[in-house]
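Report on the structure given below.
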């Protein structure tokens with residue numbers, strides 16, 4: 001057995017990046033098949049393989065960081081840089097959606113009736129479900145901060161309570177968003193308004209689901225005493241991600257729901 005003379009984690013060969021990439025390919029291809037041929041077989045296969053990859057990859061990272069001690073301070077620093085870069089890349093993703101929305105809405109073409117929202121589109125009332133969704137996400141931002149402070153103070157019980165509240169609010173937001181989609185009078189195929197609305201809000205909704213999953217994993221880990229006030233980057237990354245989701249929603253609400261209506 002050899003002993004390394006540095007603090008970096010030399011990761012063992014792993015199949016999960018490959019299976020994750022393949023599952024992403026299956027899901028995106030399956031989404032196209034669902035849209036055009038009304039077949040969900042490929043999408044279901046991709047989603048299932050993605051869930052299996054997530055479970056096993058998360059399991060490996062938890063084992064390496066929590067039980068084997070590979071996540072030294074210098075490794076955690078690298079992970080922090082990685083998470084920051086990931087969130088920055090997500091910012092540019094949403095910047096593209098906002099660009100598409102404002103490009104179309106600030107100078108509506110004659111094809112749109114020369115107005116915004118386009119002729120024939122009945123926008124959602126920003127003071128109804130969208131405002132409730134805003135309140136729900138802002139409240140979840142408060143509860144995730146409460147969870148972080150409780151963890152730093154060593155109060156495990158309060159941290160679990162705050163995490164549970166945050167997860168519940170995230171699930172509630174997703175259900176409200178689904179009900180809102182069900183009640184809209186327009187679809188994703190109704191011109192540029194429908195496509196930008198559903199793409200931007202739907203992509204954000206996907207991020208809420210991902211963030212809720214992230215927080216559920218943190219909740220389950222804390223049930224097994226995985227986090228301490230000194231060793232908790234998994235939770236910290238989830239909290240950063242959740243705050244990012246909150247901020248994006250505020251921009252979506254002001255731009256698409258309030259100003260755009």
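Glycine too: its Cβ is placed from the backbone N, Cα and C atoms.
Here's what Swiss-Prot has on this protein:
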- 1-15: topological domain 'Mitochondrial matrix' (TOPO_DOM)
- 16-34: transmembrane segment (TRANSMEM)
- 35-40: topological domain 'Mitochondrial intermembrane' (TOPO_DOM)
- 41-66: transmembrane segment (TRANSMEM)
- 67-72: topological domain 'Mitochondrial matrix' (TOPO_DOM)
- 73-105: transmembrane segment (TRANSMEM)
- 106-128: topological domain 'Mitochondrial intermembrane' (TOPO_DOM)
- 129-152: transmembrane segment (TRANSMEM)
- 156-183: transmembrane segment (TRANSMEM)
- 184-190: topological domain 'Mitochondrial intermembrane' (TOPO_DOM)
- 191-223: transmembrane segment (TRANSMEM)
- 224-232: topological domain 'Mitochondrial matrix' (TOPO_DOM)
- 233-256: transmembrane segment (TRANSMEM)
- 257-261: topological domain 'Mitochondrial intermembrane' (TOPO_DOM)
Quiz item: Of the stretches 73-105, 129-152, 156-183, 191-223, which racks up the most C-beta pairs under 8 Å with the transmembrane segment (41-66)?
Solution: 191-223
Self-check item: Residues of the parent chain within Cβ reach of the transmembrane segment (156-183), under 8 Å, 6 or more residues beyond its termini
Solution: 124, 129-130, 132-133, 136-137, 139-140, 143-144, 146-147, 150, 198, 201, 205, 208-209, 211-212, 215-216, 218-219, 222-223, 225, 227, 242
Quiz item: the transmembrane segment (129-152) and the transmembrane segment (233-256): do they have three or more Cβ pairs under 8 Å, with pairs 6 or more apart in sequence?
Solution: yes
Quiz item: Most CB pairs under 8 Å with the transmembrane segment (73-105): which of 16-34, 129-152, 191-223?
Solution: 191-223
Quiz item: Could you count the residues of the topological domain 'Mitochondrial intermembrane' (35-40) that DSSP puts in helix, in strand and in coil?
Solution: 3 helix, 0 strand, 3 coil
Quiz item: Taking a Cβ cut-off under 8 Å, which residues six or more beyond the ends of the topological domain 'Mitochondrial intermembrane' (184-190) line up next to it in the same chain?
Solution: 120-122, 124, 197-199
